[in-house]
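Notes for the one structure printed next.
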Amino acid sequence: MGKLIWLMGPSGSGKDSLLAELRQQEHEQLLIAHRYITRAANAGNENHIALSQQEFFIRAKQNLLALSWYANGFYYGLGIEIDLWLHAGFDVVVNGSRAHLSQAQARYGTSLLPVCLTVSPDILRQRLQTRGRENDAEIAARLERAAHYPPFNCHTVNNDGSLLQSVERLLILMGRKEEHYASL
């Protein structure tokens, strides 16, 4: 059975960039799952599958979603296909939710690897301002929310530096790459 890597972090921490970089690299037995979201396909940077609320509810009713939740005005889901991939021995990386980690832990137990992507408040503010999706009040609210969801019961990857460093750290946590220490 593979591992489900539940990648969490505040909006603007770089989850989508990290997942996009991981998709560009070749890793055997590693898949990045798309989320099903009731948000337009061109909204934001996330590579997701856009569904209407009706489509989402039909999939949920037919047990086609392994996990689902509601946040920020949208419904989010992970397709049941991730269970097939895990049972086939693939490690699966998903863009998870900090608030719904317990739901993932209940379903996947020891197969779950919770990873929190962290970023310093100043860099987070700068990234949110640069992407231009939120106004000042919304940015303040996102910063406040980020402060109330510190990493807990999870491995951390600091994303203040380069994206490639963050990807390397994630691969080390997943056991897909050895950590090399510089000799002193």
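Quick reminder: no glycine exception, Cβ is built from N, Cα and C everywhere.
Listed in Swiss-Prot for this protein:
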type	residues	note
BINDING	G9, P10, S11, G12, S13, G14, K15, D16	ATP binding site
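Under the three-state DSSP scheme, K15 (ATP binding site) falls in the helix class. There are 24 other Cβ atoms within 10 Å of the Cβ belonging to G9 (ATP binding site).
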